[in-house]
Ligand SMILES: Nc1ncnc2c1ncn2[C@@H]1O[C@H](COP(=O)(O)OP(=O)(O)OP(=O)(O)O)[C@@H](O)[C@H]1O
């Protein structure tokens, strides 16, 4: 897919902006704090209806504004699609080709993006919550049904936790209530677990190959799903359901004591191994960064495999962090098949000579100039 045109209204430090001279590679150049990331973020928000760097939509509205609009025309295999997302402090509304979508999950996936930003290092280094968010965002993008189960699961989890908090010393009616919640929790929970395991299995195939390429064959990357019950390889829904119910009955007393749900996909994690050693514990900063990069590049191939089209790639401030060999590997990987948006503080910090058909945009204080091919 290919973004032909992008307009912003009252989005962060952009009052109004309309750009339409995008190329296959787009370099967004500017000093710090001028609005480069904001531009990539707007594309990310249009794809996923959420920012990659804040959970608070209000922060996306320009200071003093009560709404923001992001619009784009995206060329896809079967024709052009117009996307519009309107954000207000009360909520958001999405339109596809002028038609308002009843559910945001019907809108997510019209534009697919893969973003690689400095904070992605946290996927390897950070807490399990960061890795679960990574899985949820990426799976949700290609399988909107996943988001439905995730939302239902989260709602049930809150209610079940509330019940557990009041449960200490309660009578037999508690067990009946808990059993009802258990069934609902497990019903949606196993769908999430199954999709995550499938995603990890498919991502592994691409990530291993890409990581080997980036490291000149020196490193073997392995991904492993760490479930809070059962075997990592088990993907059969009926088996997972049974295991989940058994685990819930095993931890019941402990859950009542602690007032929280102790097993399920909200407690799962993923581990990354380089040549058999856990990257989070033993990996150098460079190895962890390369692992995150391999995962992101693998995602590009996975999305292509799932939907038959390449997503757009957003590289925020990361090219200059890579050594020239890794930069070249990265550029060669996306060049000619993936439309790419790259931010940098200066053109000299990136290996621009490797880039073909690049459009250059200069950003200063929420104003954008350029778009000429160089
Ligand atoms: N809601 C908002 N309304 C208006 N301006 C905002 C809002 N949120 C952030 N900004 C402004 O946007 C600018 C930061 O933009 P951005 O994060 O895109 O920087 P950048 O050009 O990517 O810089 P760097 O190279 O440092 O990463 C800051 O000047 C900040 O004050």
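Placement of Cβ uses the backbone N, Cα and C atoms for every residue, glycine included.
Keep in mind that what you see is a predicted model, and the values were worked out from it rather than measured.
If you look up TrEMBL, you'll see 30, 31, 32, 33, 34, 35, 36, 37 marked as ATP binding site. Under the heading domain 'RecF/RecN/SMC N-terminal', TrEMBL lists 2-352.
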Spatial neighbours of residue 30 (ATP binding site) that are distant in sequence (at least 6 apart) but have CB under 8 A: 36, 343, 345, 362, 363, 364
ATP site, defined by 30, 31, 32, 33, 34, 35, 36, 37: further same-chain residues with Cβ within 8 Å of the Cβ centre: 38, 343, 345, 363
Contacting binding-site residues, sequence order - 31, 33, 35, 36, 37 vs ligand 1, Cβ under 6 Å: 33, 35, 36, 37
Other CB atoms within 10 A, centred on residue 31 (ATP binding site): 12
Binding-site residues listed as 32, 37, least Cβ neighbours within 10 Å: 32
Protein Cβ atoms within 10 Å of residue 36 (ATP binding site), excluding its own: 24
DSSP state at residue 32 (ATP binding site), helix/strand/coil: coil
